[in-house]
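The following block contains the structure, expressed as structure tokens.
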């Protein structure tokens, strides 16, 4: 039995169903959390709603529903099999102190089995509930609700905390039991003990309802919360595959257009199994993820740190597997166009940023292709001696040389090594990397945090000018511009910022003029002390990846610029003199560098 439902139908029906149940459809949030430094990407539908699940009132009310873009990077190396994905969409409905188990479970059952919605026979469903332990009682309430709705008692399974309990995220906090809903694929059971949660493939989880009803305290006790919440999640890709009777998410219409395009580029047909299918799935998943990251409202560019490193890694892994398939030359931009065409109606920001997405992919691909050819040749040259060794290990120093010289992420070298039956000395790589960092710091010890060489009047003036420059770049080039570094002395400023291409002569003139307009306006420079949360909510710009204290200083220059900063700054912009850009050049991949000076009255550059 299969249910012919497409991904777009599942998404629209889910939102429509819960709208009828008095839920407010809220928009999904950015794939890159703006105010949560603990994670690189939004990993679940509930992630953006954590403050509201913890008690903060949501402006849209107490019943919410949405579709959320998510990205998980823990299993990147597993991508290539039939099921693993990095990017996926999560459907979710929430009750913030409104309904609880009775209504939540009834809603799930009605959507899954109701004829206007999915129309699944209740006989194909099995559920799991919390079995209880010494700390919290067995969840008989959820089991009884399922049975009243029509799920046979033999299809209700009590599982331990490891399977049916959520939270807390730390040592203390909100938590509670959950109930998971599984679809019976119809394949024979693997054994007499086969049940939901078994890895044989007979049962596939399609929905999870989490009931936050307890708080775990520091003494280890669980106490009832004053306000109960419900958090649910259904992955679109997996659910569509299961309902369509497909053995793999990659066999659905979600991925077919991409796989067909990859097949056209490499001259191979997907579905013949073997290494080619694995590489096609890797390219398919990774270009989909990269397109959504690059198209996100919060800008991320390929780099060697944080979210940028994940982006660089999946792009470069795509390039390598494209070469394994026989694709010669650049190809990622054409695949991104397929992704954009599929999703632009739901996520219009992809079409809006299509040119930027294509440029970033082309730049990264072009840069890596040459290095990949040389690096693979170097790897093939040296690999025989490691294959002959008894340890069958690539030294960390060699892995670091591939990273430093050819831009091979450590994970790429490890992937090459696995294909050759080798392993990589990770500890040795870390040692070589740390030694390289130590050498890079020599000669830079005099620079204070924030890039200031001293706190003289001249250096302070350049510091304020840097804030004006940063905002001017964001106005002229776009809000994707982020500060990547600065070095400020009493003679000049040097400012590194994210931007995929050289600035045009006109853009440099516009930036220079905009900065000088603010200087001529003699704007006041004001400092406020506030919580980091208040600072971010007020629109202050902060350095991506920087670790801030809970209380920060925010410097505002009139209404033109507002940044989280430790200072010092001048009192008014009229003290700066004339701003002049001396040079604009590349600093690193996707990073530009400006050198500028301040001219006092009578000076000329």
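Cβ coordinates come from backbone N, Cα and C, glycine included.
According to Swiss-Prot, the protein carries these features:
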BINDING   463, 467, 565, 569  Zn(2+) binding site
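Thinking about packing and proximity, how do these listed features fit into the structure?
Around residue 467 (Zn(2+) binding site), the C-beta neighbours below 8 angstroms that are at least 6 residues distant in the chain are 555, 557, 561, 563, 565, 569.
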May I have the list of same-chain residues other than 463, 467, 565, 569 whose Cβ is within 8 Å of the Cβ centroid of the recorded Zn(2+) site, in sequence order?
464, 466, 525, 555, 563, 567, 568
Using DSSP, would you call residue 463 (Zn(2+) binding site) helix, strand or coil?
helix
